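The structure under discussion appears below in the form of structure tokens.
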Amino acid sequence: MTDSSVNNPDGRARLLKLPSVFLILPSLFLSALVIGYPIFDVLRMSISDVNRYGHVRGFAGVDNFLKIFNDPIFLQATNQTLIWTFCVVGGTLLISVPIAIILNGNFFGRSVARTILLLPWAVSMAMTAVVWKFVVNGDFGMLNHTLETFGLIDTKIPWLADATFAFAIEILVGILVSMPFTVTILMGGLSAIPDSLYEASSIDGASHWQKFINITLPLLRPFLQISVVLNVIYVFNSFPIIWIMTRGGPANKTDILITYVYKQAFAFGRIGNAAAGSVMMFAILLGFSLLFLFITRSPKETL
Amino acid sequence: MIGKPLRTLISWLLLLPIIIVILFPFAVMLSTALKRKDEVFTFTLTWFPKEIYFGNFAELFLELGFGRAIFNSLYISLGATLVSLALALPAAYALSRLPIRGKGFFTGYLLITQMISPIVLILGLFRMFAALGLINSHNALIIGHSAFFMAFAVWMLKSYFDTVPKDLEEAAWMDGASRLRAFGAIFLPICIPGIAVTSIFTFVNSWNEYAMSLTMLRDADMQTAPVQVAFLTGTLYEIEWNLIMAGTLVTTIPVAIIFSGIQGYLVRGLSVGGVK
């Protein structure tokens, strides 16, 4: 028996169907306009010959895609996007699991600790990027100053002028801003694990590590999976940190696909290239989602 | 089992490194915003300003016209919150309470829109708003933000509505109240906390949004507070970090305080909704 037949025994359900659709339509309409139409437009641009003012001059087939595949900076940016996404998502998970476990425990000042740990979420990524850009400033930044105070470096390092340092710092900032959301999801998962499981395993003499491996991790798995999926999407598409700190420089060494696309569209006026780049990003994310579904589905039977 | 005092000590010690990394930029923000310019641009830096100096804030508002940017941000964020709430409330109510054909399709669709970041579509969005004559218009951002943040609002509201017992409304129907009256007089008042949290979250997201605002607002005096602060780091010949840090402080601290107030509700709402 369905919900509606219980609540509406005399056919009221049928009468209510019309208005309930009208409750949903406005929201559906807005997102179809603002999200649906641009998707269509980007797809259309990617296979069109477009001038820098966005006028379509004709059908271009796969020309735009060939152009970006022949652009070494696009290939470099793709490679750097994979490194960026892997490092930020991996790093976020590595620190979020222990943080969530600690915050899930009972200790004095837990709500204060939780507020501090979730604080980076409240700050816009743009502002976080601005402050870190200053913190790692070669001449007047507090990072060099602090390292000097502790005698760890002799001369000031211009961190963002060096591609390797700059990318590493951006990855660390990326981990920092992705952590609160991930911790939040994992804390939800941990609070759903009944204490009785841990108590029973204590009676059986299980160590903390054994409990973690045999109880916590398996029961946390759906929450880990959802945080991997959402983080990959967010991080892959993340724009402000890299844009504000280095604009993809020096020498495009910190460019990721989204900063590449942005420059193609709004700095160089290569609309076709930008659209093709956006479509490639969609394709990669779609591929990831399908692969992830495939990987996480199959082992379920063995558990 | 270890005692609570020992557990407290261990927990804080383990969290200490990450807490330092989180608070470090806030300390830098505060310390720099309260320093005179010549104290920021020296090679012998100190954490504490020689004197607490509020002149940076005065210069920020009087000379750089930062009040305008704050107003722009407020207008957009309030507008986006109202529009997204006006559309999300009925949708969430319908999803939570009414029998609808294609419910699964609608929630799936919302989930997909949630996964599409505005930045990937920025080219399409820019072209659409340009065609509508909405470049340099704050209303374009209200529309854009409410569309992208609405899925989340529907999701959070629905998970909150699901926790409200149906009996309460049904009792009102029995007493002869119409559905609308029962909704307004019984259901809505109970849901005010959930609606408040959702509104604040939308407001904060809109306030913090960067890429869409950067792209749609072309004139400096139209820009939002985060965009204007970030803009200052890349354009001035001599980057005035004292002013920039004053700007980040003004843009960040009020929102961070509001956010801290609702963070407990988010933990509950998100984790329940997240995996269902």
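Cβ from N, Cα, C; glycine included.
Unlike curated records, TrEMBL annotations are generated automatically.
Keep in mind that what you see is a predicted model, and the values were worked out from it rather than measured.
Taken straight from TrEMBL:
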type	residues	note
DOMAIN	B:70-262	domain 'ABC transmembrane type-1'
TRANSMEM	B:12-34	transmembrane segment
TRANSMEM	B:74-96	transmembrane segment
TRANSMEM	B:108-135	transmembrane segment
TRANSMEM	B:141-161	transmembrane segment
TRANSMEM	B:182-204	transmembrane segment
TRANSMEM	B:243-267	transmembrane segment
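Looking at B:74-96, B:108-135, B:141-161, B:182-204, B:243-267, the range that has the most CB pairs within less than 8 A of the transmembrane segment (B:12-34) turns out to be B:243-267.
Taking every listed stretch (B:74-96, B:108-135, B:182-204, B:243-267) in turn, the largest tally of C-beta pairs under 8 A with the transmembrane segment (B:141-161) is reached by B:74-96. Per-stretch counts of Cβ pairs under 8 Å to the transmembrane segment (B:74-96) identify B:182-204 as the leading one among B:108-135, B:182-204, B:243-267.
Outside the transmembrane segment (B:243-267) by six or more residues, the chain places 28-30, 32-33, 56-57, 59-60, 64, 66, 70, 73, 193-194, 196-197, 200-201, 203-204, 207-208, 225-226, 228-229, 232-233 with a CB less than 8 A from a CB of the stretch.
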